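Asks: TrEMBL feature annotations, pasted as is:
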type	residues	note
ACT_SITE	Glu52	active site, proton donor
BINDING	His50, Cys77, Cys86	Zn(2+) binding site
BINDING	Ala153, Thr195, Asp199	NADP(+) binding site
BINDING	Arg183, Leu203, Arg206, Glu282	substrate binding site
DOMAIN	1-125	domain 'CMP/dCMP-type deaminase'
Amino acid sequence: MKDQKYLEMAMDQAKKGLGQTWQNPLVGAVIVKNDQVLAKGYHRRFGEKHAEIDAISHLKNEKEATGATIYVTLEPCSHQGKTPPCVNKIIELGFKRVVIGQIDPNPQVSGKSVERMKQHGIQVTNLDNSKSLNPAYNFYFKNGRPLITLKYAMSLDGKINQKSGYRTKLTGKYTFKDTQKLRLMNQAILIGENTLKIDDPKLTVRTNPLFPPYRVVLIHDSRELNLQQSIFKSEGPTYILTNYKNEQHLPENVHVVVDETWTPKKIIDFLTKQGIQSLLIEGGSHIHADFVKSGLVDQLIAYVAPKLIGGSGLPSVFGQGISEMLDFKIEKISQLGSDLKVFAKRVY
Ligand SMILES: NC(=O)c1ccc[n+]([C@@H]2O[C@H](COP(=O)([O-])OP(=O)(O)OC[C@H]3O[C@@H](n4cnc5c(N)ncnc54)[C@H](OP(=O)(O)O)[C@@H]3O)[C@@H](O)[C@H]2O)c1
């Protein structure tokens, strides 16, 4: 019971790093001795101290760690990355017990630290209950590709616009806020050519996080890019996946990547190579259909606006041929002002 309570405290610490840790996981730590919390810490930013070291730095004196228990939401690291291995410090300071929330799925670490700590006589308990903190991190190492979320706003009759070639504003301010949070939680956002041209989105997170998601645009001929579009006037890494090279002078943050064809599988392989752990697909209808057809959708978020569009408006997913049906489980339905949000996870 007590272990559970302190690990939950560590999980609350971990959440404070949301949006700041980039491709590192959210991790929190709590140091306890004689049922007293001596220090708390979390991984604040990509490249900075890990949670265990942050918590240790909040002890009055490092000697307090001797004989104490450290609760940490993820197995401590055992490799030299941007910071030295945390496991060394845990051993050096004489912690008696380490309670972790999960084994690190990163093969550089996975299980190795637990083994080393045990060899040094440290008691290790894995409660295996903190995976929900880092769904994309866990997914990426398990499946060798990013967690893919399809997201759209639609009317009650399943349409995402009123008329071909036009943008239709469907949802309200609460949904806008929610979609901003969604962008913050993803490391890349993908849109198709028509959405770029018609909607002219910025694809930014308005709170200007330290590590904004990569903006990825699929466009046939990058020579047709209109540099007056909003996406080229804002900062943040931007990738144009195209079939033809662009000879124009582009802003430094815009990278053109040429391939003869960009299938969903190739796009995902490209992002995997960049270490991208989560991808949000933000339209339009044809890009959605391509990913559905490839079976490359793991989660779905549909915002449903209380409107009927009728006519020839584009459905939320529309493509060629017949796709295999994908099964989902609806995890949550919530009300955002007058809109509904449906969150569903793929059933494999
Ligand atoms: N309500 C919402 O949530 C929402 C979100 C986003 C967009 N929208 C709306 O959706 C509409 C646009 O959707 P859409 O379905 O027409 O277009 P889209 O999905 O944005 O873009 C599709 C186009 O991208 C190009 N493309 C696709 N795959 C490609 C590939 N592998 N390589 C190179 N180019 C590729 C294709 O051009 P070709 O056809 O020339 O091959 C394709 O027609 C707009 O009206 C927008 O306002 C609504």
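Using N, Cα and C of the backbone, Cβ positions are placed for all residues, glycine too.
Keep in mind that TrEMBL annotations are predicted by a computer and have not been checked by a curator.
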Asks: Non-local Cβ contacts of Glu282 (substrate binding site) (under 8 Å, 6 or more apart, same chain)?
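Replies: For Glu282 (substrate binding site), the qualifying residues are Lys151, Tyr152, Ile189, Leu190, Ile191, Thr195, Pro201, Leu203.
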Asks: Express the distance between the Cα positions of Arg183 (substrate binding site) and Glu52 (active site, proton donor) as a whole number of Å.
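Replies: So the alpha carbons of Arg183 (substrate binding site) and Glu52 (active site, proton donor) sit roughly 28 Å from each other.
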Asks: Among the binding-site residues Arg183, Arg206, which residue has the largest number of other Cβ atoms within 10 Å of its own Cβ?
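Replies: Result for the most crowded candidate: Arg183.
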Asks: Based on Cα distances to Cys77 (Zn(2+) binding site), point out the closest of the recorded positions Glu52, Ala153, Arg206.
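Replies: Ranked by Cα distance from Cys77 (Zn(2+) binding site), first place goes to Glu52.
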Asks: Of the binding-site residues Cys86, Ala153, Thr195, Asp199, Leu203, which ones put their CB under 6 Å from ligand 1?
Replies: Ala153, Thr195, Asp199
Asks: Would you kindly give the Cα-Cα distance separating the residue listed as 'active site, proton donor' and Asp199 (NADP(+) binding site), rounded to the nearest Å?
Replies: 45
Asks: Of all the recorded positions given, namely His50, Glu52, Cys86, which is spatially nearest to Arg206 (substrate binding site) at the Cα level?
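Replies: For Arg206 (substrate binding site), the spatially nearest of the recorded positions is His50.
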Asks: I'd like the per-state residue tally for the domain 'CMP/dCMP-type deaminase' (1-125) from DSSP, helix first, then strand, then coil.
Replies: 40 helix, 24 strand, 61 coil
Asks: Distance check, please: Cα of His50 (Zn(2+) binding site) against Cα of Ala153 (NADP(+) binding site), rounded to an integer number of angstrom.
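Replies: If we compare the Cα positions of His50 (Zn(2+) binding site) and Ala153 (NADP(+) binding site), the gap is 38 Å.
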Asks: How many Å separate the Cα atoms of Ala153 (NADP(+) binding site) and Cys86 (Zn(2+) binding site)?
Replies: 44
Asks: So around the NADP(+) site, Ala153, Thr195, Asp199 aside, which residues have their CB within 8 A of the centroid of those CB atoms?
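Replies: Near the NADP(+) site, the remaining chain residues are Tyr152, Ile160, Asn161, Arg167, Ile191, Ile198, Pro201, Glu282, Gly283, Gly284.
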Asks: Take every residue in the domain 'CMP/dCMP-type deaminase' (1-125), average their pLDDT values, and give the whole-number result.
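Replies: Average per-residue pLDDT within the domain 'CMP/dCMP-type deaminase' (1-125): 95.
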Asks: Please list, in sequence order, every residue of the chain apart from Arg183, Leu203, Arg206, Glu282 whose Cβ lies within 8 Å of the Cβ centroid of the substrate site.
Replies: Thr179, Gln180, Ile189, Pro201, Lys202, Thr204, Val205, Pro213, Arg215, Leu280
Asks: Using DSSP and three states only, what is Asp199 (NADP(+) binding site)?
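Replies: Once the DSSP labels are grouped into three classes, Asp199 (NADP(+) binding site) ends up as helix.
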Asks: List the same-chain residues at least 6 positions away in sequence whose Cβ sits under 8 Å from the Cβ of Cys86 (Zn(2+) binding site), in sequence order, or say none.
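Replies: Set apart from Cys86 (Zn(2+) binding site) by at least 6 residues yet with Cβ under 8 Å, we have His50, Glu52, Ile53, Pro76, Cys77, Ser78, Ser113.
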